[in-house]
Structure formats: C-alpha cells, structure tokens
C-alpha cells in the first residue's frame, strides 16, 4: 500500500514540478508588407503549466488573477527580410524570451487570448525558409 501511495505522490509531484513554465523553441513566421512574402525564424518563448484556480465565491479583498506562463525577461533580435524593394525597410525585429515565469498576462505587450493568428500565420502565399 505504501508503494502505491509513493507512486501516486511521485506522479503528482512530477506533473506539477516538471511540466512547469519554461523556455521552448518555436518557429514564427515574419513578414514585411513591402516585401510581399514571409520567412520562418527560430526563436524561444515560454510554454508550460502554471498553478491557478478559479474561486467559487468572489472576494473583493482578493482579486482573482489567473496565472499564465509568460516571459520574465526579453531580448530583441533583428532579421533582414530578403527580396524587399530598395526603398523599403527590410529589417524585422522580434522578441526572444530568455527567462519565464508564472504570472499575470500583460495585455499591453502580449496577446493574452486564444484568438491570436498563431506563429505560422502569413498574409502572403509564399513562405521562404
């Protein structure tokens, strides 16, 4: 019986601790309207699970904040989009997460919804790797 309890608690600990908020590699599609096509760029972003709860009874003294896996530190990198017209700005700057945390999503700098276009969305039909 003790071994079953140990296995249960170990699995719970593993699920909580090891699937936390951490850096992950992603590929995003970047585009410049003047260039008329997209390129794929590898970067890092935050993904994982954060402990959160939704209270049954609302308490005005304790605001209900849903925690999400989001960046703590960012740097920005710049890539040149090939094929742009000579007069067009061909540089594209994108964020790269360097540290993650479980916290409130900042809607001023982040798309906090599930309705975003997604990292592989391209307005144009041609994507260059």
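The backbone N, Cα and C atoms fix where each Cβ goes, and this holds for glycine too.
According to Swiss-Prot, the signal peptide annotation covers 1-18, on the basis of similarity to another entry.
Per Swiss-Prot, disulfide bond is recorded for 21-69 (among others), and the stated evidence type is similarity to another entry. Under a cutoff of 8 A between CB atoms, and with a sequence separation of 6+ in the same chain, the neighbours of residue 21 (disulfide bond) are 46, 47, 48, 49, 50, 69, 70, 100, 101, 102.
Annotation comment: Swiss-Prot describes 25 (among others) as N-linked glycosylation site. Reduced to three states, the DSSP call for residue 25 (N-linked glycosylation site) is strand. Around the Cβ of residue 25 (N-linked glycosylation site), the same chain contributes 42, 43, 44, each under 8 angstroms and 6 or more positions distant in sequence.
Cβ neighbour count for residue 35 (disulfide bond) (all protein chains, 10 Å cutoff from its Cβ): 21. According to DSSP, residue 35 (disulfide bond) is assigned to coil rather than to any helix or strand. Residues annotated as disulfide bond in Swiss-Prot: 35-84 (among others).
Here the Cβ of residue 122 (disulfide bond) has 15 other Cβ atoms within 10 Å, regardless of which shown protein chain they belong to. Among the features that Swiss-Prot reports, disulfide bond is placed at 38-122 (among others), with the record citing similarity to another entry.
In the three-state DSSP reading, residue 42 (N-linked glycosylation site) counts as strand. Annotation source Swiss-Prot lists N-linked glycosylation site at 42 (among others), citing similarity to another entry.
Sequence annotations record features per position, and here Swiss-Prot assigns disulfide bond to 46-100 (among others) based on similarity to another entry. Counting every protein chain shown, 22 other Cβ atoms lie within 10 Å of the Cβ of residue 100 (disulfide bond).
When other Cβ atoms within 10 Å of the Cβ of residue 50 (disulfide bond) are tallied across all protein chains shown, the result is 16. For 50-102 (among others), the entry in Swiss-Prot reads disulfide bond.
Positions annotated as disulfide bond by Swiss-Prot, on the basis of similarity to another entry: 105-112 (among others). A coil conformation is recorded for residue 105 (disulfide bond) in the three-state DSSP classification, outside any helix or strand.
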Here the Cα-Cα span from residue 122 (disulfide bond) to residue 35 (disulfide bond), rounded to a whole number of angstrom, reaches 12
Measure from the Cβ of residue 46 (disulfide bond) and count the other Cβ atoms within 10 Å, all protein chains considered.
21
